[in-house]
Amino acid sequence: MRVINMGPDPSLAYRPNLKTNETKEKEGYRNFESGDLIDRVFNTYKLMHTQQTVEFVNQMNSVWTGCSHTKLGMVDAIMSLDQLVDESDPDVDFPNSFHAFQTAEGIRQAHPDNDWFQLVGLIHDVGKTMALWDVPQWAVVGDTFPVGCQYQNSIVFRDNSFMDNPDEKNSRYNTEFGIYEPNCGLDKVHMSWGHDEYLYRVLKFNNCSIPEEGLYMIRFHSFYPWHSHGDYMHLCNEKDLRMLPWVQEFNKFDLYTKTTELPDVDKLKPYYQSLIDKYCPGILKW
């Protein structure tokens, strides 16, 4: 299977809520602020913000939400990401699976009684397996945002990356509410296509029993304009607002558990296999 490399996920460097004095250790291997990388960063988001339209999202939903691409157990899906050249972490030279276990272990330490939360930490990026079926990375990684309504200012590179997006000029889509009703709920909003939405759909398709809070974490952990900047609240209903603190709590572990001390994956696998067997057992359809 061929991996398409369309540029890195630069979102970590352009989040105002990410204080430099809190991430000194991480800056050494997630540097999106110097050298030629900035051009690649912009090009990635320019592709995303040009191609992610209502029509494109509908097409991707049609292709991927039927879960007809392969059958795979969750552990194998996690480990398969080690085949992926994940350009969202260009300075990290250890396999993708380590981030999964690091996130899970961080959550396990802080939330020992919420085993489903720990599992969410383990599997949250597994939707990136789409890249192993030739989906370009601008449609897999990076921050997500609603399509079908006005793009908010907190979106990365909002000012200079949407000029060629046809929805930007479409009067049906470029107003505050666009095709949506006020407070319709995020479940009725079409998000830009990426690994968040894909894994959420896989879990729902396979009737996995992760609680709603965990499903929200998976579905919206890359929706930074919402959970970190307070945008798109006019589309949210009461359920979304109840779930928002859970997504924000998860985000802390997704961002801040990466260290150079790698976990002993073989030692941890039996425990996390027990969680997989509890919440999303067996061979899943992808």
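Placement of Cβ uses the backbone N, Cα and C atoms for every residue, glycine included.
Quick look at what TrEMBL lists:
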BINDING   ARG30, ASP86, GLU87, SER88, LYS128, GLY142, ASP143, HIS221, SER222  substrate binding site
BINDING   HIS99, HIS124, ASP125, HIS195, HIS221, ASP254  Fe cation binding site
MOD_RES   SER34  phosphoserine
Proximal but sequence-remote residues of the same chain as ASP254 (Fe cation binding site) (Cβ under 8 Å, at least 6 apart): THR103, GLY121, HIS124, HIS221
Pairwise Cα distance for ASP143 (substrate binding site)/HIS99 (Fe cation binding site) [Å, integer]: 18
Rounded distance in angstrom between the Cα atoms of HIS99 (Fe cation binding site) and LYS128 (substrate binding site): 13
Neighbour tally for HIS99 (Fe cation binding site), based on other Cβ positions within 10 Å of its Cβ: 23
For HIS195 (Fe cation binding site), the number of other Cβ atoms found within 10 Å of its own Cβ: 27
Pairwise CA distance, HIS195 (Fe cation binding site) versus LYS128 (substrate binding site), rounded so that it is a whole Å: 5
Cβ-centroid neighbourhood (8 Å) of the Fe cation site, HIS99, HIS124, ASP125, HIS195, HIS221, ASP254 excluded: ALA100, THR103, ASP196, SER222
Cβ neighbours of SER222 (substrate binding site) where a neighbour is any other Cβ within 10 Å: 27
Neighbouring C-beta atoms (10 Å sphere around the C-beta of HIS124 (Fe cation binding site)): 26
Rounded Cα separation (Å) that holds between SER222 (substrate binding site) and ASP125 (Fe cation binding site): 10
